[in-house]
Structures are given as C-alpha cells and as structure tokens.
Amino acid sequence: MSLPLRNPLDSVSLERALEDLIVRFIINVPPEDLATVERELFHFEEAQWFYTDFVKLTNPHLPNMKFKTFASYVISLCPLVWKWQDVNPEEALQKFSKYKKSIPVRGAAIFNETLNKILLVKGTESDSWSFPRGKISKDEDDVDCCIREVMEEIGFDLTNYVLEDQYIERNIGGKNYKIYLVKGVPQDFAFKPQVRNEIEKIEWRDFWKLSRSIHKSNNKFYLVSSMVKPLSLWVKKQKQIQGEEQLKQYAEEQLKLLLGIGTQEEAADPGRDLLNMLQSSVGQKKPLVFSDDESQASISTSAPTTVPPAPSTANSQSVQPIAAGAYAGYPFPFPQYPIPGMQTINPFQFVQSSHQGVFATHSTFTTSHQYPQAQAPQTQQPVPGAVVYPVQSQLQQAYQPPHTPVVKPSVIEDRAPHSKQLLELLKNPRKPEVEDESTAKTLLKLLKNPTKENRTSANTVPSSKGAVSGPSGGRSISGQSIDTANLPSGMASSMGAKSTAIPLYSPRSSLSEMTLPDEPLGGYEEFESSSEEEQGEELAYMNLQEPTSSVMESNAKVENNTLDNISHVDTSGNLSTRSLQSEKTEKSKPTAKPKIKLLKRGETLTPLTPSISSQTATSESSAAGPTVPSEKDVSSRIQNSQGNELLDVLKSKAQPEPSVASTSPAKELLNTLNKPQGSVYQNLLFGANHRKSDDESSPRHSPVSQQARTHEFLNLLKRPQAKAENEELQSVLLTPPANSGMVQNSSTLPNIPYGNLHQDQAAALLFPQQPPQFQQPYAATNTNSKELLAILRKPASNQQKQLHEQTPANPVDQPTTLASEQQNLVKQQISNPSQSLQQGTPLQQPQPQHTQSPSNLHVTGNTAAAQELLGMLRKSRVVP
C-alpha cells in the first residue's frame, strides 16, 4: 500500500513557485524567442497565466499578482534572464504594453435568428461588456483567428456562420479591430468558455435597448459603443432583405396556389400516369386462351403447376433465344398441356437464357397457369427446336410458387418499347397517311414520260375543251392509251367509271413544262379549225391579249384595225386545251388556208343554208393531221363540239362538276341559270378562248366525264321537262340577274376585240364595276324565255333522236352542220347589234357614272345568252 501522491505546489513558498515557472517558460525557450525584449516578455506573460490558472488554485495562500508585479519578482529573483542591463524593467514593461496594443484583434458580433439580440461577454479582470475577441497570432488568417477566439471564449463554432465580407473594422487607440457580423446563431445554445480565468459572464442583450442606452452608461460596453451605428444599419438591411425574401417566397407560394402549380395533384406527370395505367392493365391481363376455333376455353389458375427446370445453365444457353417482341400481346403458339402420348414440353425455356434478371430463379421458370387436360381436338404443333425434358413430379412441391396474378414474361419485356412508342406518339403529331402513293407516282410517270404509241394515238382521237390535258402542249389524256392492267386495282376501276373525273396533274403547273412544240397535234388542230370557222373574227384578237388594262384600252381605240393574213396563234398563259399550243408549233407544222373572214364595219356574214353541216370544216381540218378520224369519232365530235361548249359556259367554274346520276339535266340547267354571273366572261358572246381564268381555276375533266356531259345536254333536248321546272326556268329568265358582289379589277381583264362587240358589252368590260347607261329592256328576254319554254315542253321528235345516226360516211363532202348556223347567228348579233343600242362605238358613248348602282351589270349578257340558247334550241328541234 503506497501513499497517495500529493501536489508538489500545495505547500511551497512563492520563491519555489517562481523558480518552477522560470524553468518551465523562460530559460528553456529557443534562443530566437529571447532576441528581443518583447518576445521575452511574452514568455513572462505565459508564466503569469500559468501561475494564475494552476498554482494559485493549488495553493490559495499565494498572493494574486498582475503582470507588472509578476515580471518584477521574476527579474529580481533571476537577474540572468534579463540580458539587457541598460534597459530598465519598468521602461521595458511600458514598451511591451504599447506593443500589445498594436496587435490586431479579431472578434465577432453574434446575433440571434430574429436579429433583435446580440451576444456579449465580460472579462474576469474588467468590468465592461464587449464582443468575444482576441489577438491574432503569427501568420494566422483573420477568419481563422475569429473562429478560434470565439471558440475559446464562448465555446461556439462559427465556421458555418461567418462570412468574410460581412465585418466592421475600426482603429481605436492605434489598435485595429475587425469584428465579423454573424446572424442566425441559436439563442438556446449553452455557451461555455474554453479558457480559464478570462471570461466571467456570457449574456444575450437586447440590441435595440442597448443601442438607445449605450451612451448613458460609463464604459460598461467596451468597443460596442463605437460600432453601434454600423451594427444598426446592418441589422436593418438584413431585416429588409429577409423581409423581401419572405415576401417573394410568400408571393410565389400564393401564385402557385392560384395557378395550381406545385400542388400534389399536379406534381405527377399525366403522361407517366397514362403509361402506368397502360402497363398495369397489360400486366393484369386475363389468362391466355388456347383454342383451335377461337372458342373461349379459359385456363384455370386454382392449382398452379410448375414447369420442370432446365438441366443446366450451359445447356439452356445453347438454345437460341426467341425475340421477346415476337409474341408481344399475343398468345403463345403452344399446344394444350399435357398432351397424351407426348413428352413434357417447357414452352418458356427461351426465357431462362435471355431474361434471367427479370425472374427470381435462374434454373427454372415458374408460372401460375394450370393447363387443362387434352379434351379439345389437337390442332397446333409443338414449337420446333424446343427442348424436351422428362416429367419430374418430385420437384413440383419444391418449386411450387405462391398464388400470383397471371403475368406473361413477354409482356414484362415489352413494357419499355411500348412506353417509348406511346411517348413518341404523344410528342409527335400524327402525319397524314398517303393511301395510294404508288398510284400517284404511276400516273406522274405516265404523264412525264409518254410513250411514242401514246403520242401517236393522241392524234387519232379528237380533243374537246372538257378533256383532261396531258403534260404536252395540245395533247389530251383522252387520246392516250393508258394500260389499266399495270395500274393498281383502285385506279383501274376509277378510270372506268363514266361519272368520275381523275385530275391527273395540277392545273397550276408552268407552261414551259407543259409544252412540247415538236409533237403533232391532230386533235387540237381539228378543234381549232372548227373553232376558227365557227367563232369568226373573235379568234383573230387572241394574239393581242395582254394582262394590263392599258393595253385593253388601247385595243378599244384601234377597233378598226384589221389583221389579215395572220393565222391564229394562242400565246396566252392559259393552261386550257386551246391555249397550250406554242408559236413554234404553229410555225413548224404545215398550215392550211385560214378559214377566217374578217368583217368590216357594216358588213354582215352571209348565212349558210341549213342543209350544210359543220362536218366539212371539221373533216378538212382533221385531214391535215397525221391520221383520218373514224366515223364514230366524227359523230361524237359533232355532238361534243357545241353541247360541251354550252355546258362549259353555263356551268359555274367555281363549283365542282356534279355526277350524272345525282342531278337531272333540267335541274342542272336551272341551277346554272339561278347562279349570279360572276364575271362578264360567262356571256355566250365571248368564246371559251376569251375566258382566261376559267381553265386556270377550274379542274380539268376526263374524256369519260366529257362524254357524260354531252349526253346530259342531249337528254335535256330530248326529254320533256316537268311543269315545276319550266316555271322555275321561266322565273329565272324573267328575273334580272343579281349582282354577284365580285369586284374584278381592270388589270386582270383580258384583251377583247371591242370593234366587233356589242356596245353594252364593251362598256361592261371597260367598267366592270358600273352598269351600262343604256339598259336593254326585258321584253326580249320575256319573249325569248316563253319561246324557250314552249320548245322545252314539246316532246322530242324521232328525227331528233336519230340525229347522230344520220352522219354520212364521208364527212368531207357534207355541208356545215347546225352548229355552224348557230355560230352564224351569234356573229350576226356581234356585227349587227339591235337598233336600240346602235348609236356609236364604245368610245363615242358617254362613260357610265360611278354613282350608278351595279345591280343591272349583266342584263345584256343574260339576254344574249338566252338568245343564243334559243337559237340553238330552234335549230336542234327543226326536222330536216
């Protein structure tokens, strides 16, 4: 048993205690620490702190000594430690005190979370309150010194609170003070000093009360009084920033609530919800059904069985796995299980090698399917290449899984591709599908590259205005022999229908692409020859057409100019079958003698006898072509030449052509007459060549629909009309046409031969927005309409029904037809206007005033159309 050790300083004297401190802190220090008086005195200070902190507490009988007294006792006790004999210790202590005041001090002004309280400390040897602070050490950073001093004095770590740019710096008495501003320190923290005999008290003080009473107290708040103003400004600024942040956060929250953003219901992605619904519905799909005749033979899941495991992993990997997408969403093509007389088959053996990460086991695949016994007739065969294993009944209980919902392995594998496809469908709008792209490409290839046989056959079939024009200048699709056997079935059947027109190309194509000047144009020549003879002087002015109104007015001034010895060349940009012929084509082919007679002023055209038919002109013009048309072509050309032109004029260019089976001919004529005339070009006195915009805006028609339109007009002349329809037709003819409201600029009007036109018609062309000053009375219209109604009520004669059968074999030797006489009547109207309007040229007439109402703009055109219609009906009803 040993005696307890006692503290050696318990009963020592002051001299023994000071000797111990001299040995500890002064004599054994490095020589460089004793190089100057200040450094040596720092070691004296450390010894004094040890005496106060430890020795004095161990031996309370020892006296309390401050630094000056302690330094005087040490120097007097051991004079060798004081190397500077010429330096008075008292003077050295004063110098050391000044040096200590020059050492920078780093501290922190600590505020709570609400910035209304500040933390202050009180020293043991001082009666004033100040910030926790301390002197900076050698080569120490300011922030590190602040953190260290605060940790020593109050025991709180400011590493996560202090900011380098938030501080207040002052120089007081030659000493630099840098106090960092810290906020957000918890007020309930238990502060405790880490050093001895240095900090006596630590308290939270109300900052606003302190700022108001700090100047009244006498030195109770050291260093705080000199920094209270900047501290107040910083606190106000921080509160303002904090208030703005709170206001912004509050406003953002309120705005989100109003807009419904940020709520839990809207946080979920609707697309993801939809995908989850689809995946859950696919995952919980009904059990697979195996049947030979699609009968609903359900698979029982009450007593699930297991499939025998594969023998080894290497053996299962040797089998080539089947693609998981091959059976996605479809029943597996496996027979009913088990099959009598056959070995056990593992239908899902391919899943083990390719999808081992999906299922729990690697050596076996379990399923909850209970395959029914083989009661239905067996129709399906086992999957070729499947591995056959013997039945191992002893392993069923070991691998029997719990009851789980039926899930197909292929469905689990295919969820990701289906989700990606659904996302692509949701992101990308669906593009319109082209149903029969091959048909359009085939037609475009036929139109762009016509064969020589098609080009040759185009000359043998006469062309009409309603036919669909091909890619070449004057050829028509009616003349091309399209092999429907090479086309798709839907295309071949649609081309065979009589009431369906197939637009083979866009009418907006350029004229340069549509013109082939070196091709023979037999059908076009036949049509042009008949048109030149029938229409007379109007065709001679087609070479002068210009798209501007100034040229149109100049043509009106030079109405007496003659164009003798000039053949007809259509140079307009119209895409119709009459205007696709180029000037080069007209010059290259041998031209026959022009059958045009230009009438001078006052001269009239001698009418031909009714016995002369228009077949002579048609056959003569067709004789110049490479082939002579057959008798059937001539007869069809006689019927199509006038009837088709009349139907084209009567029908509105803005409305699509109705089907023959849907509307009767009488109803079609009534609907046409009921429509307001949109422009003056619908007048019958102006031929189809003058209406430049008709063919550009209206779709082209096939030869099948053209023949149907010809038969429509023949049936109209043959069949008697109903009483209601005749009355409606009479009301239409007696009523003046209403203004269509369409204002047509003069710059878009084509050039019209004003010298040989009616005066009111020329005035209407020059001023399309104003009515003519001289209105034609409605008496002629009423009389003509009554006569038209009387003709329509009469039943068609037998000779009229047999008109197309009386065509002679040789059309060259026959006189002109009734169509020529009808055109002569039109020419007489052009050359010899009525006496009520024969008062001068259009230039001599006073121009219509702009203040007049345009309600009677097309009265003259309607009267002329009715007169020409009556003339055609009279001649067609006359028995030869």
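From the backbone N, Cα and C atoms, a Cβ is placed for every residue, glycine too.
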Of 134-155, 244-265, 398-419, 706-727, the range Swiss-Prot tags as motif 'Nudix box' is 134-155
Between 293-317, 793-817, I'd like to know which one Swiss-Prot lists as region 'Disordered'.
293-317
Among 656-675, 736-755, Swiss-Prot marks as region 'Disordered' the stretch 736-755
Taking DSSP as the reference, which of helix, strand or coil describes E153 (Mn(2+) binding site)?
helix
Can you check which residues sit near E153 (Mn(2+) binding site), meaning Cβ under 8 Å from its Cβ, same chain, 6 or more apart in sequence, and list them in order?
V121, P132, R133, G134, P193, Q194, V195, E198, I199, I202
Cβ atoms near E149 (Mn(2+) binding site) (within 10 Å, other residues, all chains)
23
